[in-house]
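Only one structure is covered here, and it is reproduced in the block below.
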Number of protein chains: 2
Amino acid sequence: MSNNSCGTSRIAGCKFTLYPMSDQFVDIILGVLEEVDTSKVWKDTDDVSTCVRGKMVHVFDVTKALFLYAAKTGEHVAMSGTFSIGCPGDTDADSYMDEADTPLNEAKSNQVSQEAGCKFSLYPMGREDYMDAIYEQIDLSKHRNVEVSASHYATRLDGDVKDIFGALHQSFDSVQEEVSHVTMSFTISANSPSNKA
Amino acid sequence: MSNNSCGTSRIAGCKFTLYPMSDQFVDIILGVLEEVDTSKVWKDTDDVSTCVRGKMVHVFDVTKALFLYAAKTGEHVAMSGTFSIGCPGDTDADSYMDEADTPLNEAKSNQVSQEAGCKFSLYPMGREDYMDAIYEQIDLSKHRNVEVSASHYATRLDGDVKDIFGALHQSFDSVQEEVSHVTMSFTISANSPSNKA
Ligand SMILES: [Ca+2]
């Protein structure tokens, strides 16, 4: 299993797939990849998923922008993935850790308003008794623009895409300060016909 | 966080979303839900994902059949989700643990041949030092019909959908015998245009 060999760098990563529920899915994905600046992250794509790796700030900036720009096409679009830190398994993206912290897509992303629903689960890969303390650190009530609710095996967030990714980022960041190896799975969905009354 | 209150039952669950990359996504999803017998699992669906819970054998039987029948439409279809055991958080699906072990969709599923690619990651939620021993237990070489390769943060499986779900099921089952709380995230994809030469 490749994810069994852990290194020591604090490089973050996200393995995700973007799903436009549309006959135009190829054009939407290619268009978004053209629109989003991914130059500050290492990136690898195949037929199942895309993996981006680098500084945490850029990993969240890029995944947020990819979803946001796909959703603003108006099509029903979803993204599922897993953020990870503390277990890279190799060093081929380490050079991206020298990038400056300024997120490249934030200014443009801030101009887009898009509602979405998201479910996420945080998995601190440590001792069992770390978990209570860790979950107490995640104070989602700080994210006043995001509606938080309980869901099976997950926590649900509803609100603007930027606020949702902000809450994901802060939750992940808080936990990774305490635990060396953390993963966070998420599914975010926009423009679902189930939401249109 | 809802996933912080763990119970003691060995009820398994899967939170997943089925993604047909097609304008007909609603019809495909509704058609598949009609075709698959989900009567042996507790089921809850909203606009972001579906959750099924019950005996492990039925959770895998139902998720495999849902993906398989969606993929045999010939459309590009993917499914992302997370299998969990050991942390149900509530008891509202406990009655499904009395169901007999016979999987309801297996005979029909066995008649469908469908190639796919899958990436999965197993997260045993225990002490750090459990992990090496656990990964050693997962002997994917037993699954001769599935091609196994390493991928970032994940293991990749290629082959027939039924063999892929067989390998997922056996890996998950082996680990949950040793660790009380296990999660396994996966993404499986079929009929991707990236695969058509
Ligand atoms: Ca690992």
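Numbers run from 1 along the shown chain.
Keep in mind that glycine also has a Cβ here, set from the backbone N, Cα and C atoms.
TrEMBL annotations: computationally assigned, not manually curated.
Worth saying up front: this structure is predicted, and the values here are computed from it rather than measured.
The following features are taken from TrEMBL:
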type: DOMAIN; residues: B:11-90; note: domain 'Thiamin/hydroxymethyl pyrimidine-binding YkoF putative'
type: BINDING; residues: B:L18, B:T50; note: thiamine binding site
type: DOMAIN; residues: B:115-195; note: domain 'Thiamin/hydroxymethyl pyrimidine-binding YkoF putative'
Secondary structure tally of the domain 'Thiamin/hydroxymethyl pyrimidine-binding YkoF putative' (B:115-195) (DSSP, helix then strand then coil): 32 helix, 31 strand, 18 coil
Cβ neighbour count (within 10 Å, all chains shown) around B:L18 (thiamine binding site): 23
Cβ neighbour count within 10 Å of B:T50 (thiamine binding site): 21
Per-state residue totals over the domain 'Thiamin/hydroxymethyl pyrimidine-binding YkoF putative' (B:11-90) - DSSP helix, strand, coil: 27 helix, 27 strand, 26 coil
